[in-house]
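Have a look at the structure below, then the notes.
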Amino acid sequence: MQLQASLSFLLILTLCLELRSELARDTIKDLLPNVCAFPMEKGPCQTYMTRWFFNFETGECELFAYGGCGGNSNNFLRKEKCEKFCKFT
C-alpha cells in the first residue's frame, strides 16, 4: 500500500513539474521582445559576416550574410544561440 502511495505521489509530482516547466516556457515566450519575428536584416555596411537569424515563416534558424553594422536584434553569432533564444519546442 505504501509503495502504491509513493508511486502515485511521484507520478503527480512529475506531472506538476512538467506542467510548471511548460507554463514557464509559455510565460517566457510572452515576456521576450518579439526579436525572433523581426525580418532578416543585413544592415547598410558592406562587411561579410556569417550570422544566424530566426526565420519566423519556417520556424528555423537560418544562415545569412550580415554587413557588420545596423540591422536588428534577430542576429546571432551561433545557430545554437538562435535556437536557444527563439525555438520553444
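Every residue gets a Cβ built from N, Cα and C, even glycine.
Since the structure is predicted, the reported quantities are computational estimates derived from the model, not experimental observations.
As given in Swiss-Prot:
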{"type": "DISULFID", "residues": "Cys36-Cys86", "note": "disulfide bond"}
{"type": "DISULFID", "residues": "Cys45-Cys69", "note": "disulfide bond"}
{"type": "DISULFID", "residues": "Cys61-Cys82", "note": "disulfide bond"}
{"type": "DOMAIN", "residues": "36-86", "note": "domain 'BPTI/Kunitz inhibitor'"}
{"type": "SIGNAL", "residues": "1-24", "note": "signal peptide"}
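Taking the features listed in Swiss-Prot, we show where each one sits on the structure.
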residue: Cys36; record: disulfide bond; Cβ contacts under 8 Å, 6 or more apart: Phe54, Phe56, Asn74, Phe85, Cys86
residue: Cys45; record: disulfide bond; Cβ contacts under 8 Å, 6 or more apart: Gly67, Gly68, Cys69, Gly70
residue: Cys61; record: disulfide bond; Cβ contacts under 8 Å, 6 or more apart: Trp52, Phe53, Phe54, Asn55, Phe76, Lys79, Cys82, Glu83, Cys86, Lys87
Subject >> Which of Cys69, Cys86, all disulfide-bonded residues, has a Cβ with the fewest other Cβ atoms inside 10 Å >> reply: Cys69
**OP:** Summarise the model confidence on the domain 'BPTI/Kunitz inhibitor' (36-86) as a single mean pLDDT, whole number.
**Re:** 95
**OP:** Could you put numbers on the helix, strand and coil content of the domain 'BPTI/Kunitz inhibitor' (36-86), residue by residue per DSSP?
**Re:** 10 helix, 15 strand, 26 coil
